[in-house]
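Features as listed in Swiss-Prot:
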- ARG64, TYR205, LYS211, ARG331: substrate binding site (BINDING)
- LYS211, HIS230, ASP267: Mn(2+) binding site (BINDING)
- LYS211, HIS230, 246-254, GLU295, ARG331, 447-448, THR453: ATP binding site (BINDING)
Amino acid sequence: MLSNNIIRQQLIHYGITDCCELIYNPSFEQLVREETNHNLTNLERGTITNSGAIAVNTGIFTGRSPLDKYIVCDNDTHHQLWWSDQDKTSNNQPISQITWQYLKKLVSKQLSYKRLFIIDVYCGAKKNSRLRVRFVTEVAWQAHFVKNMFIQPDAIDLISFEPEFIVLNGAKCTNPNWREQNMHSENFIALNLTEGMQLIAGTWYGGEMKKGLFTVMNYHLPLKGIASMHCSANVGINKDVALFFGLSGTGKTTLSHDTNRALIGDDEHGWDNDGIFNLEGGCYAKTINLKPELEPEIFQAIRCNALLENVMVRADGSVNYHDNSKTDNARVSYPLNHIKNRVQPVSCASHASTIIFLTADAFGVLPPVATLTNEQAQYYFLSGFSAKLSGTERGIISPVPTFSACFGAAFLALHPTVYAALLAKRMNIAGTNAYLVNTGWNGNGSRIALKDTKAIINAILNKQIQDTPTIKLPIFNLSIPQILIGVDSNILDPRTSYINSSEWQNKARSLAQLFIKNFNKFTLPLTCKKLHNAGPQL
């Protein structure tokens with residue numbers, strides 16, 4: 001283990017001086033004592049729930065702040081990155097080196113003269129591509145989050161651990177000069193990919209630490225020819241690997257936690273010449289409306305060492321997972337070893353045989369499942385479509401479409417077509433089959449039942465879907481099965497959920513126009529005419 005003197009010298013290099021005490025890679029037991037200390041107040045203090053998990057609040061920041069994300073634009077990144085001033089769907093807002101230095105001084109000043117938690121971890125399960133990362137924070141539960149979410153080095157590795165990337169979390173400080181610097185607010189998440197550092201200020205949301213590193217890996221891995229993906233992954237007893245892509249709320253985590261399949265990871269993965277590997281060492285699952293009978297793997301993972309965010313804790317220490325008074329984005333982080341059926345000892349597996357693109361369509365247009373051609377797979381990957389309701393929960397009143405390239409535009413460092421090309425290459429080599437699965441709503445305003453979605457996933461993974469007759473869905477030209485075991489055949493064709501089929505036709509045309517408008521921005525060689533033709537046609 002590194003000595004305190006060495007770490008203090010390294011902190012000085014980051015601009016952090018005169019630390020009162022350093023707590024280096026503490027155990028979970030020590031972190032629990034620290035984060036539940038009665039002398040702590042407000043957002044620093046955690047509560048022990050009756051499951052043994054710690055519950056914390058993140059204040060007004062119950063989700064990511066994409067408008068407060070910045071990356072230093074320098075000679076190395078200027079021509080490589082997908083910048084927001086070139087495409088408004090990118091969250092990569094450029095800042096100058098001068099602004100960066102100012103922000104760095106703010107955060108380093110905040111962390112100076114403090115008791116600090118130093119956590120050294122790996123991002124990436126593959127030794128030849130993993131990143132050595134150091135997190136520095138003054139908040140115990142933030143250190144707990146990091147320990148849950150990333151891969152822990154062993155004692156031997158820690159003796160000579162040399163971080164390649166530094167994360168300074170100064171959640172307690174803000175930027176008083178944000179207006180003069182043309183920034184969105186006093187809060188910021190800033191990355192310097194050349195220097196190898198991330199700064200966090202103003203926001204307490206734990207996910208900023210996790211997703212900041214994902215952006216970093218989305219920069220480094222593709223430049224090495226490795227596909228980086230916002231997806232969950234699991235593997236069957238026959239070593240068949242499935243990837244689940246999808247935006248938040250589409251079921252990515254829920255559907256990949258399967259008692260019959262070993263979990264590789266729930267959110268971030270790479271795909272190299274050897275196969276699939278996890279970038280993380282933990283899971284970050286939504287807990288709203290969590291029920292043990294529907295999501296038993298996640299429910300049983302909430303125990304000692306798990307960290308709950310923004311849940312409602314009752315006086316007796318129990319948690320009300322149905323209370324969304326704080327946020328619909330209540331979450332829990334826990335280490336992968338909380339999942340009994342997981343890939344061991346490292347989160348790696350062979351090449352993917354199946355890819356499932358999850359969408360939660362609130363328009364009532366898309367089918368519960370469709371088989372995709374190679375071109376359609378690239379089209380829907382680049383589109384990254386989902387939708388949510390701005391009206392009531394029941395009934396499709398005012399769908400809000402979301403197009404997030406590669407099902408993770410907020411985390412991409414390079415242009416989306418770079419990731420699409422790498423994924424297409426890996427799929428072609430491995431002979432991967434792709435499917436579109438809609439976990440959203442049908443024409444009568446009912447959400448597709450989880451039991452039906454799970455039966456659809458089973459039909460895909462056991463290859464039953466490959467032997468069933470199909471029909472073509474007009475406008476979108478999607479191949480949909482006519483029958484699947486365990487699934488009500490009446491829901492497979494979305495048109496049957498409408499009393500008047502012309503109503504589906506009208507909604508389908510409206511949604512198709514949105515797809516076409518969104519995809520028109522992709523004009524590079526990869527997205528040639530055949531990819532445009534793979535989408536809906538009017």
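We number each residue from 1, going along the chain as drawn.
Cβ atoms here come from the backbone N, Cα and C positions, even for glycine.
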Would you find the one among the binding-site residues LYS211, ASP267 whose Cβ has the most company, meaning other Cβ atoms within 10 Å?
ASP267
Assuming the binding residues for substrate are exactly those in the record, ARG64, TYR205, LYS211, ARG331, what is the maximum CA-CA distance in angstrom, rounded?
14
Let me check the 10 A CB neighbour count of LYS252 (ATP binding site). How many other CB atoms are there?
25
Secondary structure at LYS252 (ATP binding site), reduced by DSSP to three states:
helix
Secondary-structure category, per DSSP, in which TYR205 (substrate binding site) falls:
coil
Cβ within 8 angstroms of the Cβ centroid of LYS211, HIS230, ASP267: which residues besides those meet this for the Mn(2+) site?
LYS210, PHE214, GLU268, GLY408, PHE411
Within 10 Å of the Cβ of ARG64 (substrate binding site), how many other Cβ atoms can you find? Include all protein chains, please.
21
Listed in sequence order, residues not in ARG64, TYR205, LYS211, ARG331 with Cβ within 8 Å of the centre of the substrate site Cβ atoms:
GLY63, GLY206, GLY207, GLU208, LYS210, TYR284, ASN329
Tally every other Cβ atom lying within 10 Å of the Cβ atom of THR254 (ATP binding site).
23
So if I draw a 10 Å sphere around the Cβ of ARG331 (substrate binding site), how many other Cβ atoms end up inside it?
23
Once the DSSP letters are reduced so that anything not helix or strand counts as coil, what is GLY246 (ATP binding site)?
coil
